[in-house]
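Student: Sharing a structure with you now.
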Amino acid sequence: MKPRTRMHSPMMADTVARRAPETTAELKRTYSESKPQTAKEPSMTTASPQGTPHAVDYGLVTSLATSLVFFDSAPDTEAMKSMITQAFGQNLGPLEQSERSMIVEINDEYALAFTPAAATRADLEGDPSFHQHPILSGDPAGWEDIACMVLINVFPSNERLELIKNTREARLHQLVTLGLATSAIAQTPGAIAVLNSVGRVAESTENYVEAVADKLPAHYLASTWVAQDDNGLQAYTLGMPMLGHPELQIRDFHGSPDELYSVLANIADYAQQGATLKDGDTMAFAEGEPPIRITAEPWIVDADVPALRIHF
């Protein structure tokens, strides 16, 4: 990926000049070596055996799990089947071909549906989930060649749906399954771009596949953005409620945009993988560092959406 000189965020009026890391792997290396730790032990514990309830209204979570992969020509069905089989192995049921879609069950928990359709660059850029990101989106030049797309759906069984409605772990499992399925299709020859509906961002296939392989949900689920206003730099996540969490944000920062991006993406990654953050917690990246406060406040993008401010 070529370095970008401007952070593009459709959510804010102004943007920030920054150097984008070459790949998600490079960005991963910019993260702190240690994960955040809390000064209050219960606040960061992993889920109980019964599961962790969603920290936001379920209306912000939903059970939908969809993505789009764009191609420069109609993808080969056998190649897609091969990649899906490699991704899920013995967990797959028989692959069935309907008139429009290829459908397969996984462990009686989900039905995956892969539906191809004609498409153009306008279908990518006109989608409500489309936002262009300076790190994740890659070089958009290839988008001119878009000729087809594959819609990917992960439908839960009735039993799994009840778990998704009530626990963050089940919702995360569904979205990780979506990531694996999307990555498989994105590795099919001819794939150009992925539309990540959780983080509402267009991603290069290379970056998306890397993020799934490296288990970095901050780069294939909820996304992180940096913007400038009169008070300094602002960073915020986009898509955390889809995983049962409030959005996260850092406000009025006066340091490096690279540092700000990496800090919030790291915390978002930590939360997406199962940690609980809540109002009144404190946290730190290493023992002996001053505690960082966490407080509840409205999201800077939409005041109707709950958020947690990281006082970094």
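Cβ atoms are placed via backbone N, Cα and C, with glycine included.
Dumping what TrEMBL says about this protein:
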- 16-32: compositional bias 'Basic and acidic residues' (COMPBIAS)
- 236-308: domain 'DUF4261' (DOMAIN)
- 1-52: region 'Disordered' (REGION)
Student: Tell me, roughly as an integer, the mean pLDDT over the domain 'DUF4261' (236-308).
Tutor: 94
Student: What does the DSSP secondary structure composition of the domain 'DUF4261' (236-308) look like, as residue counts for helix, strand and coil?
Tutor: 20 helix, 23 strand, 30 coil
